[in-house]
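*Asks:* The structure follows.
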Amino acid sequence: MSKQQKKEVEQRRCFGIISHPDAGKTTLTEKFLLFGGAIQLAGAVKARKAARHATSDWMSIERDRGISVTTSVMTFSYRDFFINLLDTPGHQDFSEDTYRVLTAVDSALMVIDSAKGVEAQTEKLMEVCRMRNTPIITFINKMDRDGMAPLDLLSDIEEKLQIECAPLTWPIGAGKGFAGVYNLYKKELQLFTAGGKTRQKDGIVIQDLDDPKLAELIGESKAEELREDIELLEGAANPFEMEHYLSGSQTPVFFGSAINNFGITELLDALVEMAPAPGLRPAESRDVSPLEEDFSGFTFKIQANMDPAHRDRIAFVRICSGKFNRGMKVMHHRIGKEMIISNATMFMAQDRANVEEAWPGDIIGVHNHGTIKIGDTFTIKEPLKFTGIPNFAPEHFRRVMLKDPMKAKQLNKGLTQLAEEGAVQVFRPLTSADNILGAVGVLQFDVTMARLKAEYNVDCIYEAIDYNTARWVECPDNKMLDEFRKANQANLALDGEGQLAYLAPSQWRLGFVQENWPDVVFHKTREYN
């Protein structure tokens, strides 16, 4: 390990933003880029009727619907730190893609709408974070709108998510009377005006809450309310404990309004000062340190057609150790072949730049013509396999039928590419030539339909089919597995990677089959090979 490598790793931050739909996540992403100098002007974010679209929502279906359905990777600098930000899908039907993103980050930022508190999707994503003990910072957004009282919001988070809250900033007023935030750990007050579309300048700083100037700036009633709140918090709130945050048991909480630039600086400061630098990554044989000399990384996402004009596919690779150099030769372990990575890119949403070098914690894009899949590991020599990137059993199914039988080749190509991205799962029954799509949420079918038509010129009919869930099956006894296949072939299919799966018409039927075949193992998730 060189001094440069140690310094580069310490300066890296890789985090994902998670939230319920419409909590303001994409707006916050844009403001981070704005404050980091990556973009000059924030878009008219999420104005659903506006012609413009948010910088990070670049796929046409996202612009049309005003939701994020794929993961955007964005890179920017703030202070002396190099930040890799993963803007995850907020829509509940895309939790599978979000989960895969959470395997690539070192920490997460949870965005909560002050008017709604903790919502269902946030709870689901929190479960995923807890599986990995991911450190989480919380941003309570939209304080410039009428919402729940700050103390009620903290209680809501603690009760529903079973995580201790440690507020680090505190709002002054709310709704139309929102005047700024008080920084509890720096003991200073920052007042803001709505920033509109440009970066907000630093606010006025007041070190002492008893300063008469405070009342002049925000009014006596707000000043008195703030003093009372801070006195109450100093006695009742949980003090921030770095160790508890890093273990995932405590979340520091910040208040603000992303669209008006309230509280963004404090949040960015916390992300570089508190959030962890890249750490150990689990592989099948051992844990891998970012300070190791040899390069290693894994693919957590495939995105087809980022530029429809070029029909390209990009593999998103998280670097786990060593240093990446342009043109370096690596071993692609799943297929056992060496490859030269000469055209890696980094991202600012749809914009890309060629990479000469990259370090642990960075996300690079590798051009891919179908040989790279989710979960693939690249190293200089050691045959590592990083773990914890699963497929989830789908809960919704559709049969795909072509309107024009002459387009079968385009359909197969489109389905193969979309399945490798993880946008949808494809099952091919043992007893028919059907294509059956499986998804965690029904919106994935709409996205698949739109993308097949727009990117592959394929028009299909999507027919509901009587399946309720799927399980991947395996049995160490080949003779018994053959008997199982013969007895249940009407419900068996191969997934996109050729793995055998049982498609169940109901939970009762699944339980019945499991009971009758106790030596066959039924898996609810499957690691990417």
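A Cβ is built for glycine as well, from the same backbone N, Cα and C atoms used for every other residue.
So Swiss-Prot lists the following for this protein:
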{"type": "DOMAIN", "residues": "10-279", "note": "domain 'tr-type G'"}
{"type": "BINDING", "residues": "19-26, 87-91, 141-144", "note": "GTP binding site"}
*Asks:* So what pLDDT does the domain 'tr-type G' (10-279) average out to?
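*Replies:* Here the predicted model's pLDDT, averaged over the domain 'tr-type G' (10-279), is 81.
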*Asks:* Could you tell me which three-state DSSP class MET143 (GTP binding site) falls into?
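*Replies:* Assignment for MET143 (GTP binding site) reads coil.
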*Asks:* Can you count the other CB atoms that lie within 10 A of the CB of MET143 (GTP binding site)?
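*Replies:* There are 27 of them.
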*Asks:* Including all protein chains shown, what's the count of other C-beta atoms within 10 A of the C-beta of SER19 (GTP binding site)?
*Replies:* 24
*Asks:* Helix, strand or coil: which one is SER19 (GTP binding site) in, per DSSP?
*Replies:* strand
*Asks:* Considering the binding-site residues ASP22, LYS25, which residue's Cβ sits among the greatest number of other Cβ atoms within 10 Å?
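*Replies:* Compared across ASP22, LYS25, the most Cβ atoms within 10 Å surround LYS25.
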*Asks:* Look up LYS25 (GTP binding site) in the DSSP assignment and reduce it to helix, strand or coil.
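*Replies:* It is helical.
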